[in-house]
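Asker: Quick one: this structure, given as structure tokens, is what I'll be asking you about.
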Amino acid sequence: MFTSQRQLRQNGSPMSSSRSSQHSSGTASPISDSPASNRSYGRDLRGLMGIDIPANEPAFNRANSSDTIYFRPKKIYKMEHEHPSRSTLVQLQTRSQPDDVASSQVNPEGGTDDLELGDPCGNQSLYTIGAEYVPDLDFTKLVNEWQKSTEDLYEFRSSATPQVQIKDSGKGNYELWSSPDAILTQNKLRRDSFSQENSDSLSPEDSILSRNLHSKVKPIPLPRNSQQIFTPLSNLEAERRSSYTTSSNNNSITQNNKFSFAKLKYSLPTQSSAVPASFDSNASSLNFLPTTTLSTLSELQISPNDMMDLIQKLPRNFLNLPYTQRKKVIIEHAPSHDYKAMMSLVKKFMLTSSRSNFSLAGFANNASVSQATANDDNINSRNTPNNSNDTYVNTRPLQRSRHGSIASQFLSSFSPSMTSIAKMNSNPLSGSAGGSARPDDKGMEILGHRLGKIIGFGAWGIIRECFDIETGVGRVIKIVKFKGHQNIKKHVLREVAIWRTLKHNRILPLLDWKLDDNYAMYCLTERINDGTLYDLVISWDEFKRSKIPFAERCRLTIFLSLQLLSALKYMHSKTIVHGDIKLENCLLQKEGKKSDWKVFLCDFGMSCHFDEKHVYRNDTFDENLSSGNSHRKRKSIEQTNLIKYPTTNFLPDDRTNDFDASENLKYQFENRKHQPFTPKGMVSSSSHSLKHLNQPSSSSSSNLFHKPASQPQPQHRSPFHGRHKTTDFSNLEPEPSKYIGSLPYASPELLRYSDARRSKSVEMHIYDSPDSSQSEISAASSSSSNLSSLSSSTKASAVTNSGVTTSSPSGSSTDFPCIVSPLGPASDIWALGVMLYTMLVGKLPFNHEFEPRLRSLIKVGEFDRFSLAQVCKFDRKKNEGTIGQGLYDTVIGCLTIDLDKRWKLKRIEEVLQNEMNLSEAIHDNNGS
């Protein structure tokens, strides 16, 4: 028969409270079925366990009890036998309550608690084994087997759990623990046979080592023997300390020093070095050099003094020479050593510029200082430096360094500052090694300037920054290499021939030039500050996402375009067409307010002269000019234009190239007049990152003069003269294939001319492009048939609807007519219209990834006019549609296909000037 209990009653005793807490956790205890039997069961059990029963306790009336088991004979049976029999009534407990030894507890009054019976099986979700009478049960054997199984379980867990070795920080030894859980339950582990004695608790500083992990390496102990290493002195500190050597007490530097120098020490493990002891001694000037450097010196079997002697023999611009030249110089002076290792050492210690203070010279003349720093035991004892070192200090003064670490000094030695380069006055070529250096390499001297780094690239050449050897003023040199390519050489000569004649305050000046007949052309010019108009438009973004108001965008476009118009009018007055007008070729210099911004036209590689009677001249000159002597007429044209266009009054003497001039422009942005223009060494720096306009690649060279520089340079006014006065610039007309500078800016007549030259017509040498109409081909044929009727005394010319000009000499009706170039002022005006549109809208008017399609769009003049109208008519309702209307009409007039209807420069200037005046008036009214 089985009996069980559910819950002990709460009677306030500690034991009953413990029982109640156990019940709340879901654990039950075995007991009988009724309160009456509970009292009887507790009384008999106390007697069975040898507990004395009070005499005054009344006996229970079993007649009124419902129990079916009578325990008194069992007590008598136990008393009669020495050991319990197999029929013993036992109390089996679960492991959840290992401390339960009885089914009832004694209350403080000495009685037993009334216990409630458990519910029948099925009504309770959790039961334990209650008091049970099991016949033939050997309880002792059962308990022993249970204990043995528990021990086996713990042994299995200990073998499967990684053993953790814990270091006792107090005792310095290691102890084994079975698991992290065992660490927290230290008392329980003491009962296990596999644990070791440990009475100390863990601390956060204790280190843990898992022996069963893949890494069985013990922690690396910290070294006990270490040497003190000091940081090297800076140049300023070394120079300050070296000044104390002239005092009366040369053996005690710190006695005369009022400053306390803090020692920076670091403890590092002692490492063996293959360097001889002489290098590690305090007397050596290299006693705190990097170990790798000392090892290199040891491997090369060269002493520091020998290294200094070698450096003295090298040219002062050794690091600026090409690699092949440096190699030859090293082999010449040190043939028995590895030139690569020697070059590495020289790079580390040769420079004494502001970018590097870690040099042999600095260590040689501060040997006593380094000794004082390295010696910690005798800091007040110093050695007197020798006289030779003192002399070297006076000849090679140290400079303050901005870089403190050895690593940064070593890296900076590979890229010396341009200040030190500009101060080098010696010949860059020395000895037999000089023949291998190219004349355009970094560090070379050209036109009185020292070449610096490359800051731009072009179609055939590069742009290098340069510095005046005498003054240090920064400029740029355009280097175009031809090396036997006669076509490129002719192209460069043509550019210089035109550029040297252009002297205008809105044209980038050619300060000096030099021709190397077998190598390259060098063109010296100023350096402009703030990028190009292309950079400015990129900063504005497209009109839909414009970062500035439309009103300001239109005013700035007009203001900058009027300056460009001044340069174009001057060039056209000299019968010169630019041929490559675009945003990238308009340099921008920002000075203070926006009203002080200046535009400079550059890149004359596509420029050429055009005939005065050119049909594409677009009425650049006065119509009443006679067709007499060409030379006299050209001279009178310049005089006429100077009177007609007072804004182009800057024409200095050819003997000087004074880039500074006063200007009295009619158009202003906010102020009515400009201040005298004095460029301040034009240094370029574009602060914003660029994103390129989506346009096809062009065949022209990009702008090369707007790269950044370090600082503004002083004004340069000394005249320059070309180095080749006898250079023949005749017969340098551009090749027909080079008429198109940038395809998105090309005019329709240039494209048709290019298509006609690519064709192979037997009669006219004119075949139109695949996208041209048959009417254009017929018009070209009819135009050529009319050539025979022209006068024999003049050179006949005709213009077809397709924009192709044909001419034929007199009396040569049987000869094939040649095609006259359409490149003229009208082409520059078309490109100007493309520029205006791009500045206003923020994108090119003609743009397509497929080049044939782009050509077709340009020929038919198809572009987005609605976007242009949105920008130009930004406040049409408020101002009755007058503001921006002239700017819109100007762009449309410039982008007109019909040459007769395409606007002229004079009309463009008048309309834009009126727009500017009206905009300023409205701006002043709004401000007031």
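In case you wondered, yes, glycine gets a Cβ from its N, Cα and C as well.
The following feature annotations were taken from Swiss-Prot:
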- Asp580: active site, proton acceptor (ACT_SITE)
- Ile455, Gly456, Phe457, Gly458, Ala459, Trp460, Gly461, Ile462, Ile463, Lys478: ATP binding site (BINDING)
- 1-12: compositional bias 'Polar residues' (COMPBIAS)
- 13-29: compositional bias 'Low complexity' (COMPBIAS)
- 30-40: compositional bias 'Polar residues' (COMPBIAS)
- 86-107: compositional bias 'Polar residues' (COMPBIAS)
- 375-391: compositional bias 'Low complexity' (COMPBIAS)
- 683-696: compositional bias 'Polar residues' (COMPBIAS)
- 769-813: compositional bias 'Low complexity' (COMPBIAS)
- Tyr739: phosphotyrosine (MOD_RES)
- 1-43: region 'Disordered' (REGION)
- 81-118: region 'Disordered' (REGION)
- 374-394: region 'Disordered' (REGION)
- 670-741: region 'Disordered' (REGION)
- 767-813: region 'Disordered' (REGION)
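A description of the local structural setting of each listed feature is requested, covering burial, neighbours and distances.
Answerer: Packing around Asp580 (active site, proton acceptor) is summarised by its Cβ count: 26 other Cβ atoms lie within 10 angstroms of its Cβ, all protein chains included. In the three-state DSSP reading, Asp580 (active site, proton acceptor) counts as coil.
A simple way to gauge crowding: the CB of Ile463 (ATP binding site) has 23 other CB atoms within 10 angstroms, across all the protein chains here. According to its DSSP assignment, Ile463 (ATP binding site) is in a strand.
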Asker: Hey, which of the binding-site residues Ile455, Ala459 is the loneliest by Cβ count within 10 Å?
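Answerer: Least crowded of the binding-site residues Ile455, Ala459, by Cβ count within 10 Å, is Ala459.
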Asker: How many angstrom lie between the most widely spaced Cα atoms of the ATP binders Ile455, Gly456, Phe457, Gly458, Ala459, Trp460, Gly461, Ile462, Ile463, Lys478?
Answerer: 15
Asker: In terms of DSSP three-state secondary structure, what is the assignment for Ile455 (ATP binding site)?
Answerer: strand
Asker: What whole-number Å value do you get for the CA-CA distance of Ile463 (ATP binding site) and Asp580 (active site, proton acceptor)?
Answerer: 19
Asker: Rounded to an integer, what is the Cα-Cα distance in Å between Phe457 (ATP binding site) and Asp580 (active site, proton acceptor)?
Answerer: 17
Asker: In whole Å, note down how far the CA of Asp580 (active site, proton acceptor) lies from the CA of Ile455 (ATP binding site).
Answerer: 21
Asker: At the Cα level, what's the spacing in Å between Ala459 (ATP binding site) and Asp580 (active site, proton acceptor), rounded?
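Answerer: Per the Cα atoms, Ala459 (ATP binding site) and Asp580 (active site, proton acceptor) stand 13 Å apart.
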